[in-house]
Amino acid sequence: MATSNGVGGGYRNGGPKAAAKERSLSLNSNNKSSSLKSKPSVISGGVRRNSTGSLGGAGKDNDAGVDYVFFDIVPGRVRVAVRLRPRNAEESAADADFADCVELQPELKRLKLRRNNWDSDTYEFDEVLTEFASQKRVYEVVAKPVVESVLDGYNGTLMAYGQTGTGKTYTLGRLGEEDTAARGIMVRAMEDILAEISLETDSVSVSYLQLYMETIQDLLDPTNDSISIMEDPKTGDISLPGATVVEIRDQQSFLELLRLGEAHRFAANTKLNTESSRSHAILMVHVKKSVKGRDSGLSGENGSTAHMTRTSKPPMIRKGKLVVVDLAGSERINKSGSEGHTLEEAKSINLSLSALGKCINALAENSAHVPVRDSKLTRLLKDSFGGTARTSLVITIGPSPRHRGETASTIMFGQRAMKVENMLKIKEEFDYKSLSRRLDIQLDTLIAEHERQQKVFQDEIERIAVEAQKRIAEAEGNYADALEKERLKYQKDYMESIKMLEEQWALKHEKQADVRNKLGTKDDGFCNPPSREVAFSAGEVAEVKKLLQNETLMRKAAEEEANNLRSQLMQWKRSEAAGNSEILNLRKMLEEQARQKEKFEEEIAILQSQLLQISFEADETRRNLDKVGTAKVPSSLDSLISQVRHPHLKDSANGEKASIAKLFEQGDAKLFSGSSKIYCCLCSFFLISSCTSTVGLQKILSLLEAEDPDVRIHAVKVVANLAAEETNQQKIVEAGGLMSLLTLLRSSEDETIHRVAAGAVANLAMNETNQELIMAQGGIALLSETASNAEDPQTLRMVAGAIANLCGNDKLQMKLRGEGGIQALLGMVRCRHPDVLAQVARGVANFAKCESRAATQGTKMGRSLLIEDGALPWIVQNANNEASPIRRHIELALCHLAQHEVNAKDMIIGGALWELVRISRDCSREDIRILAHRTLTSSPAFLAELKHLRIDCN
């Protein structure tokens with residue numbers, strides 16, 4: 001927060017102590033030891049390298065086949081410098097009586113923005129550059145530390161931001177042809193990079209782009225005006241695969257490239273600047289530099305490859321990327337005077353800069369969501385703010401008090417950017433080219449050893465399984481013996497207790513007898529009581545036995561009841577699972593019905609538009625008939641056309657159908673020989689309004705073979721419109737329409753006929769019976785040939801739609817693939833049109849669904865035919881496509897492919913497992929998300945890989 005000058009005033013960024021702490025962590029641009037020739041051992045924040053030359057563990061990029069060694073992640077705040085432009089001639093004349101709106105204090109690295117003559121706000125920056133600062137001074141304090149970091153293996157970003165006309169392009173892109181002291185940051189950075197690398201072992205390559213009206217264009221190749229942004233799903237790195245990359249060998253070639261790019265950059269004359277940039281310029285410099293005096297060994301996965309680490313010591317290479325961004329200036333329309341196309345350019349510039357400001361605000365406030373995808377500019381700068389790059393920002397301002405609002409906005413942008421923390425990361429890689437021969441020799445040995453160990457491992461598993469079964473049987477036997485011993489022990493104890501009781505009774509009886517003898521009583525008188533005691537003791541024993549038996553029976557009954565309850569619980573769980581499955585199926589049916597409803601509504605809208613077109617053509621037909629002579633046209637024809645326009649006259653139109661049919665059968669040559677289009681329009685009127693007369697349909701099909709190309713085009717359009725209705729499809733096929741359409745695809749070279757005929761075949765291919773007829777008559781080969789020769793996106797969309805419909809037939813899969821249908825479908829991705837790609841994705845999803853259904857029904861199948869034909873890389877690449885129809889079909893295709901266990905290995909190698917995990921978590925459709933999760937959790941191969949990668953799929 002800015003404070004006014006006066007008592008109690010403070011500074012930004014936590015006061016002087018905090019600011020001093022920030023400056024102590026940054027590189028001192030004035031220190032002579034910070035030259036490019038000396039490599040500091042402390043990297044941004046005091047983190048030192050260890051004895052092996054790396055701070056982090058080794059990683060591996062499986063796609064590139066290259067091992068990387070990463071340093072520990074180092075925090076690095078975005079550094080911001082402010083540069084003041086001197087007054088120009090216009091400002092000197094207009095503002096001569098007014099003081100500058102800013103006051104610079106470069107020795108304290110402060111800036112004061114005047115509110116009025118007696119009050120101002122104070123801001124603190126990393127560097128404050130006055131209007132007298134030289135280009136060399138600006139480069140030393142702003143760009144040189146970033147260039148040094150790029151040479152050390154980090155990514156770096158240099159960016160200029162400010163109002164239009166404040167010197168951003170002068171600061172960054174000045175070539176200095178007339179005055180070498182005026183060279184900008186781009187030229188000076190390349191001079192230092194070329195001075196520090198060896199052209200024998202190192203390389204430097206550049207790309208020069210512009211972001212104009214939310215379109216990325218190549219400044220080195222103006223014809224390449226629509227470059228897409230690709231994001232690595234594993235690392236999140238942004239790349240531009242279509243951009244031109246030129247290797248730089250000397251400074252002069254680099255200057256030529258800059259001249260070429262500047263000549264192609266958009267600029268316009270506004271009230272604020274005669275050469276105002278209308279696009280954001282982006283220079284990307286890729287530096288690949290070998291590390292001198294450092295060797296690293298290959299690390300094997302186990303002890304068997306330890307000898308490789310001793311013999312293989314490839315050189316280490318550091319890769320850094322420098323991004324220099326010259327942003328177009330923000331402007332207010334009322335001040336710049338933009339209008340027309342220049343106004344649209346200004347709107348686009350302000351929108352992208354606003355999106356950048358929102359992202360920086362979110363990062364500065366540690367917001368949970370950063371709107372990176374709001375603009376292509378923010379996507380390109382994803383690594384520069386909140387990423388892994390070292391970023392320096394120079395904000396340019398003017399002194400004029402008329403533009404105080406724009407100056408304040410620029411200053412606040414810089415203040416927020418200073419709060420953004422990046423996590424710098426260095427990347428080093430091993431160079432394996434020198435080891436290829438040695439590794440090829442060792443590869444065969446490792447493969448043979450692996451196969452031998454695999455066999456030993458399988459044998460060991462079988463042995464362990466047999467031993468485990470034997471131990472289980474032995475344990476069960478021991479358990480049974482122990483139970484029998486326990487039973488015998490308890491029985492023995494029971495008998496001993498009975499015997500002890502009997503002995504105690506006998507001893508008591510003897511004592512009583514001795515007492516009777518001493519008293520002189522008769523033995524007969526005392527015999528009966530002991531007998532009663534014996535009987536009583538025996539009765540107690542019997543009762544104890546009976547109680548023990550009852551307890552045993554009750555225990556058995558309780559165990560049986562517990563088992564019954566367990567079985568009932570299992571049945572309830574199975575019933576619940578079946579009920580959940582049925583509910584899921586019902587939900588799917590409801591969703592399918594909703595999709596069918598939407599499809600029908602779209603078809604109704606198409607038919608309505610066709611009816612409007614027919615009405616328009618009816619007017620044209622009547623005008624043409626008036627020209628050629630209305631005397632030859634029956635009066636009933638006018639009433640028929642009127643009935644087509646006004647459906648409420650349907651009853652009166654029934655009487656005219658016979659006359660029109662008779663007219664078609666007679667074929668009045670004078671009337672229709674010179675008006676083929678009129679004839680086709682009348683046929684379409686009659687066929688649509690009278691539910692496809694057989695006579696009229698045959699007439700239309702006969703026109704498909706006419707010599708006049710216009711007649712053929714209009715006739716095939718009529719057939720395509722009729723084929724869009726399911727009620728007409730069978731009649732068209734029975735009348736030979738399918739054969740005629742395929743003949744047109746084979747014989748005609750007209751692109752329009754190919755497009756419309758393919759669309760008609762696609763409509764007919766929605767019927768399963770027609771699909772078999774199309775395959776039997778060689779339709780897939782004709783469609784494949786048409787796809788290979790066509791360049792029009794609409795033609796390719798129609799052909800892809802027809803093949804996609806055929807892909808949904810389980811019976812035709814092998815034949816479809818054998819005749820090149822899959823290869824033709826995948827070949828059409830070269831068009832890159834979203835509609836074509838959506839049809840290709842739908843065909844792939846239909847084919848994968850049929851394979852999954854066949855595997856579920858118990859059909860013995862090998863690896864997926866789609867994977868064998870090389871479709872998996874394209875599927876993985878487009879799994880997160882921005883177009884929702886393409887993404888939805890690709891996600892379904894991945895889920896269906898993953899349900900067959902035989903495909904798991906190829907999908908893991910091809911990177912499809914990561915996409916399945918993303919779909920199971922982030923997919924917008926719940927049914928696809930549930931299907932992906934169920935597929936992951938039911939596949940042993942996927943579960944093993946996820947466990948190995950320590951990824952929780954729940």
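Here the Cβ of each residue, glycine as well, is placed from N, Cα and C on the backbone.
Heads up, TrEMBL stuff is auto-annotated, nobody curated it.
Residues or ranges marked as ATP binding site by TrEMBL: Gly162, Gln163, Thr164, Gly165, Thr166, Gly167, Lys168, Thr169.
The feature coiled coil is assigned by TrEMBL to 447-485 (among others). This prediction places the mean pLDDT of the coiled coil (447-485) at 90.
The coiled coil annotation in TrEMBL covers 541-610 (among others).
Residues or ranges marked as compositional bias 'Gly residues' by TrEMBL: 1-13.
Annotation source TrEMBL lists domain 'Kinesin motor' at 77-420.
Residues or ranges marked as repeat 'ARM' in TrEMBL: 695-737 (among others).
The repeat 'ARM' annotation in TrEMBL covers 736-779 (among others). DSSP labels the residues of the repeat 'ARM' (736-779) in these numbers: 35 helix, 0 strand, 9 coil.
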Count of other CB atoms lying within 10 Å of the CB belonging to Thr166 (ATP binding site): 28
Most Cβ neighbours inside 10 Å, all chains, among the binding-site residues Gln163, Thr169: Gln163
For Lys168 (ATP binding site), nearby residues of its own chain (Cβ under 8 Å, 6 or more apart in sequence): Ala160, Tyr161, Gly162, Ser277, Asp326, Leu327, Gly329, Thr396
Residue among the binding-site residues Gly162, Gly165, Gly167 whose Cβ has the most other Cβ atoms within 10 Å: Gly162
